[in-house]
Amino acid sequence: MDQLLQHCVNALVLGGTYALLGIGLTLIFGIMNVVNFTHGALYTFGAYAMYLAAVGLGINFYLALPVAVVAGLVLGAAIEFTLLRPLRRSDIDTTMLVMIGAGIILQSGALWIFGGVAKAIPNPMPDQPLNIGPVSVAWVRLFVFAAALVLIGVTYLTINRTRLGRAMRATFQDHDTAALMGVNVSLIYTATFAIGSALAAAAGALLGPVYVVFPQMGDLAAVKAFAIVILGGLGSIPGATIGGFILAFAEEIGAGYISSGYRDAMGFIIIIAVLLAKPTGLFARAERIG
Amino acid sequence: MSRVIAPLLLVVLALLPLWLKDPYLLNALIITGIFTLCAMSLNLLLGFTGQLSLGHVAFFGIGAYVSALTALGFDVELPFGLVLVVEPGSPLLGFVLAVLVTALCGYLIGRLAFRVRGAYFVIVTISFAEVVRLVALNWVDLTQGPLALTSIPNMVLPLPGLGETVLRTKMQNYYLVLGMAVVGYLVVAQLVTSRFGRAMRGLQQNESLALSLGINATRTLTVAATLSAAMAGAAGSLYAHYLRIIDPDVFLFSYTVTMVIMVVAGGKGTLAGPLVGGLIFGLLPVALRPVMAPEAQWIVYGGVLIAILFLMPQGIVPALDALTRRLRRARPAKSAPGAVEAGANP
Amino acid sequence: MPLTRRTTLAAMAFAFMASSAMAADPIKIGVNQPLTGAFAASGTYVVNGAKIAADEINAKGGVLGRKIELVIEDNKSNPTEAAAVAEKLITSDKVPVLLGAWGSSLTLATMPKLEEYSVPMVVETSSSGKITTSGNPFVFRISPPSAVEAEAFEPIAKKLGLKKVDFLVINNDWGRGAADDFSKMLKANGVQVGLVETMDQTSQDMSAQLAKLKASDADTIMVTAAVDQLTLLFKQMAALGLKKRVITTGGSQNPDQIIAQAGSAANDTLHLTTFLPWWPEKTPNAEATSYFLGEWKKRGFEFAGVTESFRGYDGIRTIAAGIAAGGAADPASIQKGLWAVNLSGLNGPIKFEKSGPKGKESGQSKPQVYLIEIKDQKIGHVQL
């Protein structure tokens, strides 16, 4: 019983992280129809930006976080402007390969600049975990969990309660009509990619202090993010959030009671099952084929 | 264009070992050839039906494992106390089984995965490959898991009058891979120009229209997936018997990425595209190796990929097609044969 | 950057590179290491260690009156590339001997090439048992396979009074091999073996495995993983309030990096290691250790890297000793010479014993194994 409780708490904390990884990708995927293979590299970028700000420049931990997020925002806008904008009319695999190329460059660049040795980012939270009965959880994980929920909430409100969000939703439903209605679609695309990138960088900046920072850290993060997005349905923020928690629970319970060797397989098995049962994901708002 | 490029490449590649004796470059060409074969099989799906599979490496890896396990023999415990014991067999049998098993896998995955399209299809295929990799990693009784299958015998070839010859040398393996590539090319060429090929391309261009014309989408796509998987399985078998060791790393996602790059950069939906893309992106790392730092090699690799897609969004072969068409128009001559290209028309 | 740069521009030109080495030419040693990809950090450390050895040997006049030259190639942490790199080093660069290839799957992939061209290789890091038991007479390993490590741990295990042990290992040949070999040894000594949990080599979150281990009734957890995952594990163990005896194996722990990155979470952990850079005077060859550490510092590398890089240093010194003992710089002489090597390495005598099927034995050197302890964020040598 104690073990089950601990698994559940672990899954809850991990799920918040996964949701954070997923929402940036689902925005870009859903609105721009771009399979963003730079997502993992942007996550890594956010972590290194956090490392440079907090360790390199010695900025206060809590102030370094927004610095890293803004850096991700700027890099995302630059990628969209230089690489995606000229390819607006290209098909999904051309843009995907360009994103793969950009991802390779970013990751190799990180290796070149920082070397392969992992870096640690110290955090100001207490070392001793919070103990509630038989269950323990680290303070830094709780902080990340709370921050993730705040970021998810802000993103959700941006999309559903602001003018920018309305334009983004219109573009998601039908970009030609949106353009006719006077929406500046190019600007919306840049904004969407920049926001998605900022969220990826935020995830990296928050998780860098929990884990360690190294050039390939984005690979696994990107795979999980793809799984979460598909689980939740493309373009759905609540879907990605719930998808993140489902994946985390499946992994925890799978590793705890089935086999730890198949821990990472759980997510994929669920995806295959979900897509066979309900091909558009669990919470898709609109179907998009092609 | 393919009708010019493919025979030309074949002649050059067939004569190459006569003067190229460097084993390292022959090795690079053999590996490139194996991945080009994979790229040709991926082109069947991606180029001619428009379905992007990012799990293609699964078939490559399954082919490698089936072939290696057949050649090495294994015993594995099954449920209900059964034990399956397989004695070591001929690599040739391994090759045949690799093709059959991957064809079956391709058929099953096709049946399942083609219920979804677009980005969802992409993710289902990635998931499939990842699950297969994790099975290969964790089913230690069968696959030895991360401990790797070692001492895999070289491929054998029954030659008329000579009995079975073990292909040990670089030269023999080079011609084996080249021969398989030619067979693969001819199979794809036959297929796409047939009635079936027209059905595939119909689906790619306008699925609803094709459906209204009575084309059975799922069946057509499933047949394409089956053939495509079988070809990738054949490539996997060649790989296992050439490298002589395999471990779950044969399922590396980066191998799929390499195949997709070869197809899209070369020109998807053209017969010669995967050949041109395969040679360029197979040999580019070899050419970069001596001139720059390892990290820089990757950066240039990514840069070349982006540059090709920016300059030739349709790929190299269609771009060459367009170029020759423009030259011909500028200097009108008698209409050249081979101007009509299977699937190359935009 | 640590690279082979050539003035030759076209790759095709390699085919014409002359093979006529003159007597005064340097003796080339091929170094096949992961410099990009998942193992980039470790491979780079090994290469840096190898360079120190090469410079030291050349400063003392080289081997057989010739300088040595390292030809360093990146195998991209990928077995296919590792085999291709071996092929390139042997056939294009004409190296008569290799050092490589860090990970076991990388080393295993190069082994058929060694047989094909009859060129020996000194294996500096890989631990898979298969490397020295599959009948490849061109392999000479200076790192301990897990069976050797387990054997060295036996007296320590008795003194620690272990009752029941769980395992948490990285899911590759290294981790699985360690779990198998240590289980066998422990069971033979009447110690119970409980859970064997695995983690993917890319995993960063091991909380599920740790929650399971926390609930188990074993008194000790033996962990096999590289430094980055160990750092994460200790942090996550602390977060879960998991307080059991933890012993790490495999020699890739890098305790200084763990202390720097995991802080107090690393306290009270035990580590089996093959090198004691903290107390050069306690190492089997104090003089060489001090020289190596001084040189490492002079070149501005992080101290934490020495527990990886000393293998590159010892590997090159082993090869140089093999060349000297063989009397000539051709593969066959070096292969013969390696059998005669008797060198005082940084972690004990390097001397190859026969291992594997008769007639085709590989060479295996048995380094010393030490137990160290992290207490109050300091490293201590456990004398039992």
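Placed from the backbone N, Cα and C atoms, the Cβ positions cover glycine too.
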Residues flagged as transmembrane segment in TrEMBL, choosing from A:65-84, A:165-184: A:65-84
Per Cβ pairs under 8 Å, the stretch of A:12-35, A:65-84, A:226-250 packing most closely against the transmembrane segment (A:138-159): A:12-35
Contact between the transmembrane segment (A:226-250) and the transmembrane segment (A:65-84) (at least 3 Cβ pairs under 8 Å, separation 6+): no
Contact ranking winner - A:12-35, A:65-84, A:96-118 against the transmembrane segment (A:187-214), Cβ under 8 Å: A:65-84
